[in-house]
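Residues annotated as GTP binding site in Swiss-Prot, with sequence analysis given as evidence: 34-41, 61-65, 79-82, 146-149, 178-180. Here Swiss-Prot flags S41, T63 as Mg(2+) binding site. Per Swiss-Prot, domain 'EngB-type G' is recorded for 26-197.
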Amino acid sequence: MSEFLNTHNASILLSAVNKSHYPQDDLPEIALAGRSNVGKSSFINTLLGRKNLARTSSKPGKTQSLNFYNIDDKLRFVDVPGYGYAKVSKKERAKWGKMIEEYLTSRENLRAVVSLVDFRHDPSSDDVQMYDFLKYYEIPVILVATKADKVPRGKWNKQESAIKKKLDFDSNDAFIIFSSVDRTGLDTSWDAILESL
């Protein structure tokens, strides 16, 4: 990984709410999607070896735009607003939905979506909907189950099976068990991302 990419050379590039704001070049992009508070910011920070590049928040639903991160001028991460947060108005949610859909279905730079689910729980209906959406549009998916440090190792197989069953998981997709606390799944995540470029 390090031969190709200096992952520490990363910065937030811009925030976009529609197509006209997207970067106008052909760098490959990996989008990151998941429920509010699934640990998306922690995932980004862990992958990039940074503490606060992606701001973590105790207030879910904080990211309201597409945040583009430049990684070593070779790749971009695109942080998609967290879904499934009840305290946001229906109108606001519909607006986010449209923005996310527009990006995911029409962005030529997009190579894959890292879809994050909470390893402690079965996927929510929003998680299932997101996975179905990505499969419908034939967008490559890397499924990352976060917060693995909070699940006893003896229950990992059972929990992985439950998540896969609920999602009707495609065995061709990568399934990665991840923890930003002990960095479980860090190298596997990078391998899957670089493979999709």
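Note: Cβ is positioned from N, Cα and C throughout, glycine not excepted.
Feature annotations (Swiss-Prot) mapped to structure.
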{"residue": "G34", "record": "GTP binding site", "Cβ neighbours (10 Å)": "25"}
{"residue": "N37", "record": "GTP binding site", "Cβ neighbours (10 Å)": "20"}
{"residue": "K40", "record": "GTP binding site", "Cβ neighbours (10 Å)": "25"}
{"residue": "S41", "record": "Mg(2+) binding site", "Cβ neighbours (10 Å)": "22"}
{"residue": "S65", "record": "GTP binding site", "Cβ neighbours (10 Å)": "16"}
{"residue": "P81", "record": "GTP binding site", "Cβ neighbours (10 Å)": "24"}
{"residue": "K147", "record": "GTP binding site", "Cβ neighbours (10 Å)": "21"}
{"residue": "F178", "record": "GTP binding site", "Cβ neighbours (10 Å)": "26"}
For K147 (GTP binding site): DSSP state (helix, strand, coil): coil
Cα separation, S41 (Mg(2+) binding site) to S65 (GTP binding site) (Å, whole number): 14
Averaged pLDDT, computed only over the residues in the domain 'EngB-type G' (26-197): 91
